[in-house]
Structures are given as C-alpha cells and as structure tokens.
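Asker: Got a structure for you, written out below as structure tokens; questions coming shortly.
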Amino acid sequence: MASARSMMLQALLIAAALVAAAPRVLSDPPPLQDFCVADLKAATAVDGFPCKAPSTVADDDFFSDAMVAAPRTDTNPFGVNSTRATVSAFPGLNTLGLSITRTDLAPGGLNPPHSHPRGSELVLVLEGEVMVGFTSAANRLYSKVVKKNELYVVPRGLQHFQLNVGKGDAVFMAMFDAQSPGLVTPTLGLFAAKPAMSMEVLTKTFLMGEDEVSAMKSKFAGF
C-alpha cells in the first residue's frame, strides 16, 4: 500500500499537470488535419462545425472579401458598425482558432462595453485615433489612444470598449484567437433580453426606481 507521503506526491504531480494544461484547455484545440472547412448545413454541431467532405472543398472556402466595403455607421445611435469574419461567415476558419472583425466608427462613435468569452482580441488601428480600454476583475481600467498602425491587446473575457477620439472616421481590425469568440454586451443583456429581465433585479442592481429603469429599457427597445 502506498504511503501517505507517496499519495501526497502523486496528488501534487497530478495537480501540477492540470495547471500546466489549463491554458491549452481554455483556447481552441489544435486541428487534427490540414483543414476542416465548416459544413454550415450540417444538422449536428458539437463545439464547432463538422468538416465538409474534402472532395467538395473549393478555393473560395478559404477566401473572404467581407472586410473590403466600408459599412455605414449611421444606422445606430452609437455611430459604429462591425463586419465579422467568424467561422459562420468564413467556413475555412473552422478548427483554425482564428477570426477577425472590421469595425468602423463615425466621429465620436463608440463600440459600447462588451466582452468575448472565448477569445483574446488584438486591435490594429487602420485609420484615425481610437481609445481602447478594458477593465480587470479588480475594476482597474486600462486604456490608451491607439493611432494608425498601432496595436492594443484585450485579454480574453474582459469588458472593453473602443471610442473614436479623432476628428474624422476611424477603422480598426480586431483579430481573435478563436474561430467564434462570442459577444456579450451587458446593456443589451440587461435591457433588451427576451424574455425581459426582472424589474426587481434591475431596480436593485442600479439603485433606481421602476420609472427610471423603464426609461432606460425604452432606449434599447429596438436592439
């Protein structure tokens, strides 16, 4: 029978192995083949999309022109428009752990606070001046004005924003280490949820009366 000291050593070794493996568990797993172009019409999808049969894979599966056209920024009160090239729109990304988004900001435009639960974000400003900021779990704000050809990184899962602080339009690319990083916007989750969030939860969360909360909800009714 193993001694108590031997059992303790084994437990420590197992714990150390789990800690070492944790970063790999939290990111997209490495692919098992050259490529796995997503079959977006498949009936079943488990943690990604099934692969198309290699015989049906075409050159265009690895190509996207989604980033070419500048989208309108006057279709919402925030002055922002994002064009996403995630796996659902770019099948060749499947299993590669990559995706990208183009975001256009009107002067003064804001990409409101949000988070990506499945991906870290690397921001590359192409035009203009963009203030990029995120908050840590300790509620510490980190932010910087990022100019053309400069980079800023946002760690996985943290709330962050982008604000156009320049005089003209701004454009940036956001690159992710996940094929589908996800998007969580707190204001929409609280005020535009379906079914609606409990009024009691909202009034107690924001220390407001029902009339004030209803006024806030009305601003997000169209989202």
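Just so it is clear, glycine is given a Cβ too, placed from its N, Cα and C backbone atoms.
So TrEMBL lists these for the protein:
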BINDING   ASN111, HIS116, GLU121  oxalate binding site
BINDING   HIS114, HIS116, GLU121, HIS160  Mn(2+) binding site
DISULFID  CYS36-CYS51  disulfide bond
DOMAIN    66-214  domain 'Cupin type-1'
SIGNAL    1-27  signal peptide
Asker: Based on Cα distances to HIS116 (oxalate binding site), point out the closest of the recorded positions CYS36, CYS51, HIS160.
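Answerer: For HIS116 (oxalate binding site), the closest Cα among CYS36, CYS51, HIS160 is found at HIS160.
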Asker: In whole Å, how far does the CA atom of CYS36 (disulfide bond) lie from that of HIS160 (Mn(2+) binding site)?
Answerer: 32
Asker: Between the Cα atoms of HIS160 (Mn(2+) binding site) and ASN111 (oxalate binding site), what distance do you get, rounded to the nearest Å?
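Answerer: The separation of the Cα atoms works out to 9 Å.
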Asker: For the recorded Mn(2+) site, enumerate neighbouring residues of the same chain (Cβ within 8 Å of the Cβ centroid of HIS114, HIS116, GLU121, HIS160, site residues themselves excluded), in sequence order.
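Answerer: Everything else in range on the chain: SER115, PHE134, VAL154, LEU158, GLN159, ALA174, PRO181, LEU183.
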Asker: Out of the binding-site residues ASN111, HIS114, GLU121, give me the one sitting nearest to CYS51 (disulfide bond) by CA distance.
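Answerer: Result for CYS51 (disulfide bond): the nearest of the binding-site residues is GLU121.
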Asker: In whole Å, how far does the CA atom of GLU121 (oxalate binding site) lie from that of HIS114 (Mn(2+) binding site)?
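Answerer: Pair distance, Cα basis, whole Å: 12 Å.
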Asker: Using the CB centroid of ASN111, HIS116, GLU121 as the oxalate site centre, which other residues of the same chain sit with their CB within 8 A?
Answerer: THR101, HIS114, SER115, VAL123, VAL154, HIS160, GLN162, ALA174, PHE176, PRO181, LEU183
Asker: A 10 Å Cβ contact count, applied to the binding-site residues HIS114, HIS116, HIS160: which residue has the minimum?
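Answerer: Selected from the binding-site residues HIS114, HIS116, HIS160 on minimum Cβ neighbours within 10 Å: HIS114.
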Asker: List the residues of the same chain that sit at least 6 positions away from ASN111 (oxalate binding site) in sequence and have their Cβ under 8 Å from its Cβ, in sequence order, or write 'none'.
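Answerer: When sequence neighbours closer than 6 are ignored, ASN111 (oxalate binding site) has PHE78, VAL80, SER82, THR103, LEU105, PHE161, GLN162, LEU163 within Cβ distance under 8 Å.
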Asker: DSSP on the domain 'Cupin type-1' (66-214): how many residues come out helix, how many strand, how many coil?
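Answerer: Output for the domain 'Cupin type-1' (66-214) reads 22 helix, 57 strand, 70 coil.
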Asker: Restricting to the domain 'Cupin type-1' (66-214), report the mean pLDDT as a whole number.
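Answerer: On average, pLDDT over the domain 'Cupin type-1' (66-214) sits at 95.
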